[in-house]
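Record features (Swiss-Prot):
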- 1-87: region 'Domain I, interacts with DnaA modulators' (REGION)
- 87-124: region 'Domain II' (REGION)
- 125-341: region 'Domain III, AAA+ region' (REGION)
- Gly169, Gly171, Lys172, Thr173: ATP binding site (BINDING)
- 342-461: region 'Domain IV, binds dsDNA' (REGION)
Amino acid sequence: MAVSLWQQCIARLQDELSAQQFSMWIRPLQVEMEGDTLVIYAPNRFVLDWVRDKYLNIINQFFTEQMGSDAPNLRFDIGSRPSARPIVQATAAIRTSRPVSREVVKPSFNTPHADPIANANHRSNINPTYQFDNFVEGKSNQLGKAAAMQVAENPGGAYNPLFLYGGTGLGKTHLLHAVGNGIIKNNPNAKVVYMHSERFVQDMVKALQNNAIEEFKRYYRSVDALFIDDIQFFANKDRSQEEFFHTFNALLEGNHQIILTSDKYPKEIDGVEDRLKSRFGWGLTVAIEPPELETRVAILMRKAQESGINLPDEVAFFIAKRLRSNVRELEGALNRVIANANFTGRPITIDFVREALRDLLALQEKLVTIDNIQKTVAEYYKIKMADMLSKRRSRSVARPRQVAMALSKELTNQSLPEIGDAFGGRDHTTVLHACRKIAQLREESHDIKEDYANLIRTLSS
């Protein structure tokens, strides 16, 4: 009874969670009955702890509603259920265009070593400085880091391919190298390759020129893990897409891990064949968003600590509130502050930072104003600027207005009452409600999440 109800339980979870959350945390689970106990198997400790902390109450509540006092005890365990017993997986409830295997086969990491192309070493370009330990986690990148950690622990498993997308300088490349370092740590003989998509194109062109295309194919199809950054640069390169299509298929058929990154959601990449874009979404697709204020502060504090600099909290918040677009911009600004402090011997204060970053701060303040946000959002949603300030409450107008209010709260230093005044004299509680509503919708709606990220990129560029 409890095992059969598990299907209904995961259906409820699928309704309540985002597609990313369901695919990452619920989909890998397996269950079986042991006496009056329902054992929930997670693939690793990370998933087990997350599900128990975040979703145990929902699961308990469901079984209590359905079975009352007969509800089973719940126990979590790591691994798979004994193979001789019946199995129910969460994959039964998820809708996917790709058939999902009942059994995950880990790559053997024993593939014969192919002849290298252009004297390339299989993993010479995995940067050992990029680790999970020095990746600053926040709400904006939490899912991406969690997925990457699971891939590092179980390459070729549930999240294959893993597709990370988001603007430049948000940490996608850091995560690729961290996964590579994790795989190599667990499997020193693993053949892990990281590269920019242009390198793949260059290798293919060189192979064609040297009549070595078969060696090229053997090399790329022999790796245990292939990580390609900025896959959007394959756009309009038909021969490269053709070769990558077959490489992709060969690696997935062998349960070898693929991770791709892009600045866009897979289906939005122009100039790439539909059959490739479809395959990009076969595994797990995760957005990496611009870091929120707390994460930006943490990044600055971590970077300062690594540089041996004592950065006052108020200075970190001052910089983080004004530079919002990406991690590289933050680190570049901090490097400039540190260099100026070392050169002048002056203490790092807010006034000192104002002086050291005066051109950068002036540019940011000039670019991001409430008026600019309103115009950008109105143009994006194809509504009139007058509607943004009007009392109209139709969803086609109210939702863009709420988005603009939330962006104004995040991207400017204006107070809630000041933002309300700029939106037709609205009360600060209206602005607060809009901010909370958009935050909720960004968790629940892929479209709103994409719109918000696109607008931040536009306003911060």
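Glycine is treated like the rest: Cβ placed from N, Cα and C.
Secondary structure at Lys172 (ATP binding site), as computed by DSSP, is helix.
Excluding Gly169, Gly171, Lys172, Thr173 themselves, the residues of that chain whose CB lies within 8 A of the CB mean position for the ATP site are, in sequence, Gly166, Thr168, Leu170, His174, Leu175, Thr261, Ile288, Val327.
DSSP states for the region 'Domain IV, binds dsDNA' (342-461), grouped as helix (H, G, I), strand (E, B) and coil, give 93 helix, 0 strand, 27 coil. This prediction places the mean pLDDT of the region 'Domain II' (87-124) at 42. Long-range Cβ neighbours of Lys172 (ATP binding site) (same chain, at least 6 residues apart, Cβ-Cβ under 8 Å): Gly144, Leu164, Tyr165, Gly166, Asp229, Thr261, Ile288. When the binding-site residues Gly169, Gly171 are compared by the number of other CB atoms within 10 angstroms of each CB, Gly169 has the fewest. Counting every protein chain shown, the Cβ of Thr173 (ATP binding site) has 19 other Cβ atoms within 10 Å.
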